[in-house]
Structures are given as structure tokens and as C-alpha cells.
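Colleague: Once you've had a glance at the structure underneath, I'll fire off some questions.
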């Protein structure tokens, strides 16, 4: 059983006014053509930011976008995230040029983007130029090779800029890097409100979930979810399988799957799960297949898939079967789409179950949904607000549920 929750200090316990706060957030946002952005992750950070602003804190935001491998990459700049934050807070935005960070003497707080080198910044500049309530978003922390190399001097330099550290970046807490695993060692630290919510809900489904528990899993790779499945399947009453992951289990049961995608190296794991939990595993009995991924596909019983046909969605009988099981649940955990939902012709099964799960949540059942593609599918239904908890953790959620090491969280409890 995991019990981080009782060992963490929430940022709500921090009461000191006028302090400089180093806030690690997840602003790994996706933007179309550099302009229209999904600001969900920024919105998730607002409760902690607004609380700190009530305390007249100076807020230094450290975050990342993408995987620039320790090199500057204009396409992965955090400037657009800083602009989005300013818009959400109703503040004006100013981009500071160069590495010599000087803040204009404006009478009201702003959101600043500091694109210069954080390694050259000194505490004196912060105290001299930042007013209480000012927010500075630094450039992508992953532009610095020291971030992933766990450079001690890099960590000490950044930590010297602030009085306290707040972690509001659950999605990267399963990684070992300076900004999540080392900065808390040098500063008084707290967990952000969203981070606390993530842990509260994930610990609930592992330690206290009501029965019957229905696990809905999909997506392409079973190996990415191995440890999570090892923890949750024994606790589950039913395990509904869809997407490319179902292809592995169908192969184990000697069904022909034509030209459908099969994860290399996943067969043995699926076979072991079937041996140990065959009575819990629920597989499709009809599917939608396509040869060229065009058009609406063809409905086939699972024992009628022909060579060259690719399974792209679950069929109506399977949707009915899965729906009847979900209706029995007191707890529902969903991770992974049940078909090629990016194609509107092959999204029906995923969206049908998403709507059903949302309709059962917050009342008849407790529902936890997580995973990047899963959230994209849920958002298509516009019913995400009906889910009890939507985890934006992605890989961190899988690691947490799987009992894996969480360096960013462990650093907060030392």
C-alpha cells in the first residue's frame, strides 16, 4: 500500500507572506501552429498560483516542454505558455530580452517571461526588481543539460533564488531530474494542490476502491503498463480490454487478427496474465476491421478476421457486453483508447464507453481516467467534467499505480 499522502505538506499549510517561491509546474502544452494551445495543464496550476499570490509571494516558475535533449529549441520555448498564463490570470505579459534579467518598474504585477540563462541570475536581482505578486516564467528547464544530469551546482544555483519550493508537476515526478528530485533537498518544500489531488485519488483506487472494480485498458503497448497491471488486475473484478492491446490477448487465445498491430515483446506478458487471471479478462467478440484505414470499415465477428484486415475498433455486441459490465461497477479505472479513435470512423467504441463511464461517475460509481490519448478521447465527448478524477499524469500515473519509484514525490517527504 502506498501512503505518500500523510507524509506530504500541502502548499495550503504554507502561511508566510512576501516570500519568493520556486514553483515547478507542468507546462508541457501542445499548440497548433504555435498559437492555439491546450491550456489544461496551466489551468491545473492556477489554484496553487492564486493561493501564493494571496500571500504576496514572488513566484518563479520552472517548467518544461517536450524533449529538447539539453539544447535550446525555439519550437519548445515556454514563452507561449507564459503568455497563456497571463491571459488566464487577466494580467499583462512582458517578455524580457537577453540574459541580463531586469524587471521594469511597473506599479502593478505582471507575468514576465525570462528567456535568458537562469544560471546567471542572482538572488539580489530577484529581491531588487520583483514586486510582491510578480510572476516570472523561466525558459524551458530542459534546455539545460544539467537538468537531466542531476548537476548539484545547477541545483544549488537555482535553489538560491528562492525561499521555498512547491512541486505542482506530478506528470514528471517519476523522473529523476534537478527540478523535481534535487531542488526540494535545498529548500523548505510543499506539494501543490493539484499534486495532492493526484496522490489522493490514486492512493484511493489502490488502497480503498469499492467493489466491484472494473479496469478498462486499451492503447497500443502492454509493456508500458506492466507494473500497473500487476498491481490492479488482482484487485479488479473485471478487466475490459480493447485497442491494440486486445490483439495480444486474442492471439493468446488463438484468434486470427489479420494485419492488426501487435506490440513486439508483449505476447508473453499477455499470456501470463491470461494464465493467472483468465476469468477476469473480457475480450471483444466483434470488431470493426479495415484494410486501408479508409471508409467506415467492416463489422466482423472475432473469429472471422481475415489476413490483411486490421482491427480498428470494437463492434456493437462488444460495446453492449462492456457496457453491461461497467454498469455493475462501483469503481472504474480507464486507461487507453479502445480503437483507432483519431479516425472518426473508428472512434465509436471508445466514445460510447467514454460517455457511459461519464454518466456513471460522481454517483453510481467512482471513475478515474488517465493517459494522454484517453483524455483526448474523453474531451471529444465534452463530458470530462462528469468524471470523478481526470489524471493528467500520463506515465507518472502508470508508475504511481504500479508501485514504482517516484523521485519527485520522495524528495518532498525526506
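Just so it is clear, glycine is given a Cβ too, placed from its N, Cα and C backbone atoms.
Just lifted these from TrEMBL, have a look:
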type: BINDING; residues: 26, 27, 28, 41, 64, 65, 66, 67, 142; note: substrate binding site
type: BINDING; residues: 225, 342, 371, 372, 373, 374; note: ATP binding site
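Are these features on the surface or tucked inside, and what touches them?
Modeller: Residue 64 (substrate binding site) carries neither a helix nor a strand DSSP state and counts as coil. Long-range Cβ contacts of residue 64 (substrate binding site) within its own chain (separation 6+, distance under 8 Å): 26, 27, 28, 78, 140, 141, 142, 147, 172, 179.
Reduced to three states, the DSSP call for residue 373 (ATP binding site) is helix. The Cβ of residue 373 (ATP binding site) lies under 8 Å from the Cβ of 219, 336, 337, 341, each on the same chain and at least six residues away in sequence.
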Colleague: Measuring Cα to Cα, how far is residue 66 (substrate binding site) from residue 372 (ATP binding site) in Å?
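Modeller: Pair distance, Cα basis, whole Å: 14 Å.
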Colleague: Could you work out which of the binding-site residues (28, 374) has its C-beta surrounded by the smallest number of other C-beta atoms within 10 A?
Modeller: 28
Colleague: Rounded to a whole number, what is the top Cα to Cα distance in Å among the residues the record ties to ATP, namely 225, 342, 371, 372, 373, 374?
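Modeller: Farthest Cα pair among residues binding ATP: 21 Å.
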Colleague: Given the binding-site residues 66, 371, 372, which one is most crowded in terms of C-beta atoms within 10 angstroms?
Modeller: 371
Colleague: Judged by the number of other CB atoms within 10 angstroms, which among 142, 225 is the least packed of the binding-site residues?
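Modeller: Fewest other Cβ atoms within 10 Å, among the binding-site residues 142, 225, is found for 225.
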